[in-house]
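K.L.:
Encoded as structure tokens, here's the structure I'll be asking about.
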Amino acid sequence: MSPSPTALFCLGLCLGRVPAQSGPLPKPSLQALPSSLVPLEKPVTLRCQGPPGVDLYRLEKLSSSRYQDQAVLFIPAMKRSLAGRYRCSYQNGSLWSLPSDQLELVATGVFAKPSLSAQPGPAVSSGGDVTLQCQTRYGFDQFALYKEGDPAPYKNPERWYRASFPIITVTAAHSGTYRCYSFSSRDPYLWSAPSDPLELVVTGTSVTPSRLPTEPPSPVAEFSEATAELTVSFTNEVFTTETSRSITASPKESDSPAGPARQYYTKGNLVRICLGAVILIILAGFLAEDWHSRRKRLRHRGRAVQRPLPPLPPLPLTRKSNGGQDGGRQDVHSRGLCS
């Protein structure tokens, strides 16, 4: 027996409500709480976050066979063996998501702390330059500079025993507390203890009420603002090339454009007006051409209707008598009788 149309209709509705998955599942996020820089013997929590309704989470440590099928990994005491790269993923049905971005879990306090100093001094005027120097007694080739409030430190190779972090064109955003770390490239996740804090003070700056933020900034905005114009350069003993990285924070834009932005918007409006005028001219030309063609067709039709009339028959010839008009009429009448 063939299925009825009603049953087929209900089946189609049921299948239409089943969500179809196209492509891989979106990747989750992995974070370390309270921080990815963990002192030895201190607790840390790794949390994998995906969409609601996940069937299974998997959190794994790369370069090893360690993994667990849970979204949260609590480490009560940080060990050297637990430092490294982590990532996570989740499963819905038979589909696995893309892996999360890698998280670098660093164990600090493995080696003795370095020293951090500022040249020419920790107090610098706005617009000036200052260099933060990190120095250690051990032959480390990797150094990291960390500013309180930033999500991640700056890591760069330097010369043995010492690293320089120049800050060009200091602004008020550079003021704060800094620390540095030293480590070896052979064990990139085993760091020294942090240096003693260095307070960088920027003088000659003032914040007007109009520049105060009206809402709490996002973490991305805090990172960009706190690292404005920070240039980090390094030189290696083997390689003579010098590289630098500059991060510039743009000020908060107002609602109305100013300066070059206003000129850009004015030019854009002029371009739109010119384009509109050109389009109107083209439409007017099309309308004029159409009106002219219609008038021409009507003129041709009028010529076709006005045909020449047939010629009239010739009138009979009459003779005028001496007696005037009456005599002529009598002559015609007499000729007609005779004929």
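Each Cβ is built from the backbone N, Cα and C atoms, and glycine gets one as well.
Pulled from Swiss-Prot, these are the listed features:
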DISULFID  Cys48-Cys88  disulfide bond
DISULFID  Cys134-Cys180  disulfide bond
CARBOHYD  Asn92  N-linked glycosylation site
REGION    299-339  region 'Disordered'
TOPO_DOM  289-339  topological domain 'Cytoplasmic'
TRANSMEM  268-288  transmembrane segment
K.L.:
Name the one residue among Asn92, Cys134, Cys180 whose Cα is closest in three-dimensional space to that of Cys48 (disulfide bond); these are the recorded positions.
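P.N.:
When the Cα distances are compared, Asn92 comes out closest.
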K.L.:
What whole-number Å value do you get for the CA-CA distance of Cys88 (disulfide bond) and Cys134 (disulfide bond)?
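P.N.:
Just about 35 Å between their Cα atoms.
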K.L.:
Restricting to the topological domain 'Cytoplasmic' (289-339), report the mean pLDDT as a whole number.
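P.N.:
Residues in the topological domain 'Cytoplasmic' (289-339) carry a mean pLDDT of 58 in this prediction.
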K.L.:
Ranking the disulfide-bonded residues Cys48, Cys88, Cys134, Cys180 by other Cβ atoms within 10 Å, which is at the bottom?
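P.N.:
It is Cys48 that, of the disulfide-bonded residues Cys48, Cys88, Cys134, Cys180, has the fewest other Cβ atoms within 10 Å.
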K.L.:
Just to verify a number: CA distance, Asn92 (N-linked glycosylation site) to Cys180 (disulfide bond), in angstrom, no decimals.
P.N.:
43
K.L.:
Once the chains shown are all counted, how many other Cβ atoms turn up within 10 Å of the Cβ of the residue listed as 'N-linked glycosylation site'?
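P.N.:
A count of 15.
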